[in-house]
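Novice: Have a look at this one before I ask anything.
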């Protein structure tokens with residue numbers, strides 16, 4: 001599945017320029033930070049390349065492993081009905097997310113721009129379809145996800161600062177339960193702090209992502225290790241693990257096929273963020289070489305972590321406890337402490353609550369970082385207010401970040417805003433756009449068969465077709481089970497089209513999608529010409 005470098009087709013590069021896409025093709029070892037001209041480093045239009053593959057993996061893993069694995073296992077188990085079926089659901093979700101990541105890998109490798117889905121949809125279906133994604137992403141998907149993550153952070157962080165975890169495990173189970181004022185304040189402070197941190201520059205926030213990602217992986221390993229110790233403690237402690245994980249009993253109580261399908265909604269949400277690495281392509285030192293490594297290593301790490309932590313939960317907690325708890329990590333800590341420790345019963349639960357708080361902080365950091373750069377790329381293309389295309393002296397898109405943070409805060413503070421309503425609002429529709437991007441890959445394979453693609457999806461067309469089928473199933477299931485919130489999200493998507501028409505008629509968007517002034521275009525083309533000469537020289541030297 002590795003990239004193939006056979007030739008450099010400068011006609012393909014010119015073809016990409018016509019779509020406003022800065023294509024980077026050729027030898028994977030080229031240091032793009034050295035080949036770009038100084039003029040293209042203008043602090044207002046071009047981000048600097050600072051990130052390594054390790055940074056990218058940390059960011060992607062940090063985005064994916066967030067509040068999902070600490071909030072959705074109970075819902076997934078309830079819909080599956082058995083521990084064996086839920087482990088299959090998590091494994092299948094990892095496979096689906098991996099196939100979707102492969103699709104984004106091919107799209108991103110021959111269109112390495114920070115615009116992500118916006119660029120893919122624009123190239124395949126035109127400007128209005130691309131604008132609908134940007135509109136939906138800003139007002140529903142990206143900001144809604146950040147509001148949810150902040151809500152989970154506030155809930156766990158409240159337990160840490162109050163030193164009491166009882167409120168997290170004695171809830172009545174209502175999905176409409178209101179968050180406390182302390183929890184809301186903590187959530188608001190998190191969004192404000194992470195937004196301002198990202199305004200200081202991407203390298204600083206990338207360091208935070210690496211620290212938070214390490215913390216999250218260690219937290220999951222800690223849960224798994226304590227589960228092993230708990231099971232080995234005595235025969236009484238091992239009964240739960242035997243009942244939940246034994247091959248002969250683990251599938252007892254499994255629900256119907258369609259119930260199993262609905263559980264994928266909760267599991268797939270926990271993998272959300274698999275495509276966000278593409279938003280960092282313009283800031284990776286070696287984008288073509290590193291993107292496959294980032295996706296493969298990141299998705300494998302996440303899937304293994306999710307399986308380990310679910311096995312840990314099922315080894316200690318009975319199925320009903322998992323389904324009823326709204327803070328499963330804290331419930332896990334309390335149960336283990338009761339058996340293994342005579343003193344300091346709440347210490348482990350509080351440590352896990354602190355770990356979950358840091359996990360969600362890392363997830364929202366990665367989401368805010370990539371989201372801001374995605375909106376920046378849209379504005380740079382002339383499809384959003386021009387001020388959102390501004391970069392500060394540190395190379396950060398400060399205006400896009402502040403606008404994103406402001407809307408996230410509004411969603412967080414709306415009356416009735418909670419975990420369940422926000423998830424039903426943005427989750428299913430987000431997978432619909434993943435399906436649109438997967439279909440864009442198929443369309444571009446037919447409409448541009450000669451375009452150089454450094455990476456091609458293996459087993460094509462199975463991956464994009466699988467993504468389209470699963471996303472359609474998720475959307476149909478959600479319309480049946482949660483029609484109100486899913487329909488509201490669909491209304492936002494439909495609204496994007498008349499909004500684009502109005503903006504186009506009033507001259508508020510650029511018709512060519514590039515959004516460049518003549519001087520900027522000349523400057524960029526000068527840098528691209530230098531890059532092409534470097535590519536030609538390296539390839540000729542190789543062959």
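One-based numbering along the chain as shown.
Cβ from N, Cα, C; glycine included.
Those TrEMBL annotations? Automatic predictions, nothing curated.
So TrEMBL lists these for the protein:
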COMPBIAS  518-527  compositional bias 'Polar residues'
REGION    511-531  region 'Disordered'
TRANSMEM  51-72  transmembrane segment
TRANSMEM  84-105  transmembrane segment
TRANSMEM  185-203  transmembrane segment
TRANSMEM  209-232  transmembrane segment
TRANSMEM  294-316  transmembrane segment
TRANSMEM  347-376  transmembrane segment
TRANSMEM  396-414  transmembrane segment
TRANSMEM  426-446  transmembrane segment
TRANSMEM  458-478  transmembrane segment
TRANSMEM  484-503  transmembrane segment
Novice: Using a Cβ cut-off of under 8 Å, list the residues of the same chain at least 6 residues beyond the transmembrane segment (84-105) that approach it.
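Specialist: Same-chain residues near the transmembrane segment (84-105) but 6 or more away: 1, 73, 76-77, 116, 247, 250-251, 254-255, 260, 263-264, 267-268, 270-271, 274-275, 278, 291-292, 295, 299, 302-303, 306-307, 310-311, 314, 434, 437-438, 441, 455, 457-458, 462-464, 466-467, 470.
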Novice: Which range wins on Cβ pairs under 8 Å with the transmembrane segment (396-414): 51-72, 185-203, 209-232, 426-446, 484-503?
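Specialist: Of the candidates 51-72, 185-203, 209-232, 426-446, 484-503, 185-203 scores highest.
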Novice: Taking 3+ C-beta pairs under 8 angstroms (sequence gap of 6 or more) as contact, is the transmembrane segment (426-446) in contact with the transmembrane segment (294-316)?
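Specialist: No, the stretches stay apart by this measure.
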Novice: What parts of the chain pack near the transmembrane segment (51-72), using Cβ distances under 8 Å and only residues at least 6 beyond its ends?
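Specialist: Long-range Cβ neighbours of the transmembrane segment (51-72): 148-149, 151-153, 156, 202-203, 206, 209-210, 212-214, 216-217, 220, 266-267, 269-274, 276-277, 280, 283-286, 289-291, 293-295, 297-298, 301-302, 305-306, 309, 326-329, 356, 359-360, 362-367, 369-370, 419.
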Novice: Can you tell me which recorded stretch out of 209-232, 294-316, 347-376, 484-503 has the most Cβ pairs within less than 8 Å of the transmembrane segment (185-203)?
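Specialist: Looking at each of 209-232, 294-316, 347-376, 484-503 in turn, the most contacts to the transmembrane segment (185-203) are made by 347-376.
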Novice: Does the transmembrane segment (209-232) come near the transmembrane segment (484-503), with 3+ Cβ pairs under 8 Å (pairs 6 or more apart)?
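Specialist: These two stretches do not touch.
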Novice: List, by number or range, the same-chain residues at least 6 past the transmembrane segment (484-503) whose CB is under 8 A from its CB atoms?
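Specialist: Beyond its ends, the transmembrane segment (484-503) has Cβ neighbours at 127-128, 131-132, 134-136, 139-140, 421, 424-426, 428-429, 432, 475, 478, 509.
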